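These come from TrEMBL:
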type    : residues                     : note
BINDING : Glu41, Glu93, Glu129, His132 : Fe cation 2 binding site
BINDING : Glu41, His44, Glu129         : Fe cation 1 binding site
Amino acid sequence: KPQVHTAFIRGVGANRIYAGQMAVLGRSSVGPIIQQMWNQEKDHLKKFSELMVAYRVRPTVLLPFWNVAGFVLGAGSALLGKKGAMACTVAVEESISEHYNNQIRTLVEEDPEIYKELLQVIKQFRDDEREHHDIGIEHDAEATPAYSVLKTAIQLGCKAAIFLSERI
């Protein structure tokens, strides 16, 4: 159940980040790339919404806050330009991939047969996130001014969001 809950929260955040990026850069040369990644995130969120119902997991009360925070992060990074948006994508997708890997390890340790379907879903979505990460790198994310500082700040924010959402 915690895996479904945090995956849902990540899905909401990623959707709102891409919505913010599209609001700023939707008509730019990276607009179609952002839209493609956003479409995959919409599919992820849809699946985890279904799993929330199936596993009878309630969303966090912080959901309205994460909706706004995700959009602000997406739009804010896009206001830094294409490279800034891609730096945000790299930071977020790297964090999400790491978290998915942790969830996969936990489910395998608990019972890989019981969680067979969930493991397949998480592995596929993790691979999608890795692809998004690589797209960000290919589009000069690392050339963003103060890239390492921006990346670290975004990743700390992602970890804090997951930590809080799991407890509230």
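Cβ coordinates come from backbone N, Cα and C, glycine included.
Any TrEMBL annotation is an automated prediction that lacks curation.
Known features from TrEMBL, placed on the structure.
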{"residue": "Glu41", "record": "Fe cation 2 binding site", "Cβ within 10 Å": "26"}
{"residue": "His44", "record": "Fe cation 1 binding site", "Cβ within 10 Å": "23"}
{"residue": "Glu93", "record": "Fe cation 2 binding site", "Cβ within 10 Å": "26"}
{"residue": "Glu129", "record": "Fe cation 2 binding site", "Cβ within 10 Å": "26"}
{"residue": "His132", "record": "Fe cation 2 binding site", "Cβ within 10 Å": "26"}
- Spacing of the two Cα atoms, His132 (Fe cation 2 binding site) and His44 (Fe cation 1 binding site), in whole angstrom, works out to 13
- Query: In Å, rounded, how far does the Cα of Glu93 (Fe cation 2 binding site) sit from the Cα of His44 (Fe cation 1 binding site)?
  - Reply: 13
- Whole-number Å only: compute the distance from the Cα of Glu129 (Fe cation 2 binding site) to the Cα of His44 (Fe cation 1 binding site). 10
